[in-house]
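Participant: I have a structure here, written as structure tokens, and I will follow up with some questions on it.
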Amino acid sequence: MDPLIAAASVVAAALAVGLGAIGPGIGQGNAAGQAVEGIARQPEAEGKIRGTLLLSLAFMEALTIYGLVVSLVLLFANPFA
């Protein structure tokens, strides 16, 4: 494998994980904060809010997992090598 392609693959893998985790991390923090605020305002709606929150967090976490999969492909099954 060309050293330039190997180095670019490692940098791209790091960016895929790093940038792929920033957005969902911020989104999860905002969603959790709003859920806590909503439960504090309407405690009787806790079950509905919690269920929606968990589903939303799962979808946001999927984006991070996609970034991890892309980085693993670039590191171990590099299509450019």
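Every residue gets a Cβ built from N, Cα and C, even glycine.
Sharing the record's features from Swiss-Prot:
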type	residues	note
SITE	Glu61	site 'Reversibly protonated during proton transport'
TRANSMEM	3-23	transmembrane segment
TRANSMEM	57-77	transmembrane segment
Participant: Who are the long-range neighbours of the transmembrane segment (3-23) in its own chain, taking Cβ under 8 Å and residues 6 or more past its ends?
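Facilitator: Residues 63-64, 66-68, 70-72, 74-75, 78, 80-81.
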Participant: Please list residues from the chain of Glu61 (site 'Reversibly protonated during proton transport') whose Cβ is under 8 angstroms from its Cβ, counting only those at least six apart in sequence.
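Facilitator: The answer is Pro24, Gln28.
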